[in-house]
Amino acid sequence: MHVKTPQTLTRPVITARGVTRRYGAKTAVAAADLDLHPGRITCLLGPSGCGKSTLLRLMAGLEPVDDGCIEADDAVLSGPGVHVPPEQRGVGLVFQDYALFPHLSVLDNVAFGLKHLPRKERKARALALLEKVRLAARAEAWPHMLSGGEQQRVALARALAREPAAVLLDEPFSGLDSHLKSEVRETLMAALRAAGAAVLVVTHDAEEALLMADDLVLMSEGRILQAGDPGDCYLNPTSMAAARLLGEANALPARIANGVAETVFGDLPAPGLPDGAGTVMVRPEGLRLWLEGAPAEIVSTAFGGGFHEVTVVAAGQTARLRLHGGVPAVGDQVRVTIDADRARVFAA
Amino acid sequence: MNQSVHALEAARTLGATSRGAFLRVALPLARPALAAGMALAVMETLADYGAVQFLAVQTLTTGVVRAWSVYGSTASAAQFALPLMGAAALLMWLERWGRKGRGFESPNARWRPLPTTALSGVKAWGATAFCLALLTFGLLLPAGWLAWSSLDITPEWPRLQRAALHTVSMGGIGAVVTVLLAGALALGARTMPLAARVASLGYATPGAVMAIGLLAPAAVIWRIFPGAASGFGMGLVLLIYAYAARLMAAALEPIDSGLSKVTPNMVWAARGLGRTEAGAAAAVQIPVAWGALLTAALVVFIDVLKELPATLILRPFNFDTLAVLADNYARDERLSQAGWPSLMIVLIALPAVIWLSRKVAASRPGADA
């Protein structure tokens, strides 16, 4: 288990402030802020088309910004009238399709960015990098001879070759079979941590983001919804949209009165919220079958491996929960309580 | 030829026989390509000069040349040229439209080798005979007849040799210049597609029209710098210019498809690894498209070998190519003598053509190239 560098002790390698990118009438990225810290992995999570890849491209200098600025070490990389080309940014890139050069061997792919070194040194360094991603044995192979996971690792070794201050990865695992993902991820993460660079991983996979991120950034429709510790984002989302990005969430209608939110499954503290209608966000694991609580009926069940996914209806309100142990049956009358630690109240 | 096997397989699982799948899926899918091929054939026919001239068929192309060479009138040559160019541009648009074939492409198709069926009996003989007939009537019969009638005659070797040398060097220079220009254009066109479209219009322009069109501005230059470029050098430069302008599209197409093997991300990856835009082109795009550049060069080379009208009009005095020589002999009714340069064109072009057709067969996505 690695020890996380506390975020507050480091200066960000790259910062984006109010970065905006428009395509015609469509705003792909709207006033986004993003900090990448050395030695930390930042995951940018959002649904497809939310602008997260565009933000990565802006950081890498593949596109100019329309507004806002991107800085590194007090030097402006992108800003009004300024655009440092990608080759001068010291940023490593890993693409979703890996973008390996088909006309070069694996070794030459990795050595591509080391043109400034003498031939011998270049080769030695490229080999050392391949060693790190456990691919030294395939150095002479051609890219098309490698499996997806291997190509992925070559792409990473290639990106790390120039010892970039920041490495940006666009959906790095989306092309891999699910059983390969965790293995490749571990190799990749280890190599990234060892490099000590600031890392940005763009992904639409909530589980992946939660597993990898030191810092999590949630994005939707071009805007950053929330940024912070993954656990905090999961349990204390700032909006229903942010909550949904990180996994299934029940949205229960509630009545707020005198700092208490009433739902069909029970009451929750809602300090400081105005009286009136509200919404309670609760994760499936935040609803429990218990001896007491709201009477409810099981209307459907599905076997999910280590758990059953159960849909219950109480007083006309549908909710989903996960049941570990026990075999629920449709039609069972049960009682459901809500875990206040795993729920959050929003004013409507 | 770029059809997904899965479309055919889907047709089979939906109850179509092999024959039905061909009629109801493969053929309709190929419709744009067939239209494009037809447009191309018509375009080439419109632009043809040598054959119609020899057989004394009155066409717009011969009209253009005659208006210019016999009556010396650029204006009436232009009158003939305009409908010709209009028709050619229309055909070219048709061909483009056919090839783009929106909706006929299989965007997410996976490519596998097309299943081959071994024919037997009558079918096998029929198929072989059909292919042989094309080859026989298209090449073996005329070439054989030429060879047969030429063998009786001693060729004018020195003249023939000089013409062959001229032909090969013009072909070589034309190929290199055209491919250089087309390569630069194709790289630039990744960001500005319109430029390539405009440059490709030359392909629709018949050689005779192109040549006469070039002579007008050339005359202006001659008038301003009478001594600067000798007539000989200027003629060659104009000729290369005409080849490049006319064959730009033919060179662009293979280069473009070669470059399309380089995804935008590959270029960005190179940029991220410290290469400038030009550096990325030199280190990634050009090496990956190298085979395509060679293909383009060969296509241009072959076309220059047999180009007649533009060469006839623009060549410096006494500068014969094999095609010009054949035309000269034919005009003088020395047909057997004309066989020699014609056969030499075939001989020079044949290895290149064979190489190209193998390349085309291998270029279907999914084929082991």
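Just so you know, glycine gets a Cβ as well, placed from its N, Cα and C.
Note: TrEMBL annotation is automatic and uncurated.
Here's what TrEMBL has on this protein:
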DOMAIN    B:1-93  domain 'ABC transmembrane type-1'
DOMAIN    B:164-356  domain 'ABC transmembrane type-1'
TRANSMEM  B:21-43  transmembrane segment
TRANSMEM  B:70-94  transmembrane segment
TRANSMEM  B:124-148  transmembrane segment
TRANSMEM  B:168-189  transmembrane segment
TRANSMEM  B:201-225  transmembrane segment
TRANSMEM  B:231-252  transmembrane segment
TRANSMEM  B:280-302  transmembrane segment
TRANSMEM  B:338-356  transmembrane segment
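Contact between the transmembrane segment (B:124-148) and the transmembrane segment (B:338-356) holds: at least three of their C-beta pairs are under 8 Å, each pair 6 or more apart in sequence. Counting residues of the domain 'ABC transmembrane type-1' (B:1-93) by DSSP class, helix then strand then coil, yields 74 helix, 0 strand, 19 coil.
Between the transmembrane segment (B:168-189) and the transmembrane segment (B:21-43) there are fewer than 3 Cβ pairs closer than 8 Å, counting only pairs 6 or more residues apart in sequence, which means the two stretches are not in contact.
Sequence-remote contacts of a segment are chain residues at least 6 beyond its ends whose Cβ falls under 8 Å from one of its Cβ atoms, and for the transmembrane segment (B:70-94) they are 35-36, 39-40, 42-43, 46-47, 60-61, 63-64, 200-201, 203-206, 209, 212-213, 215-216.
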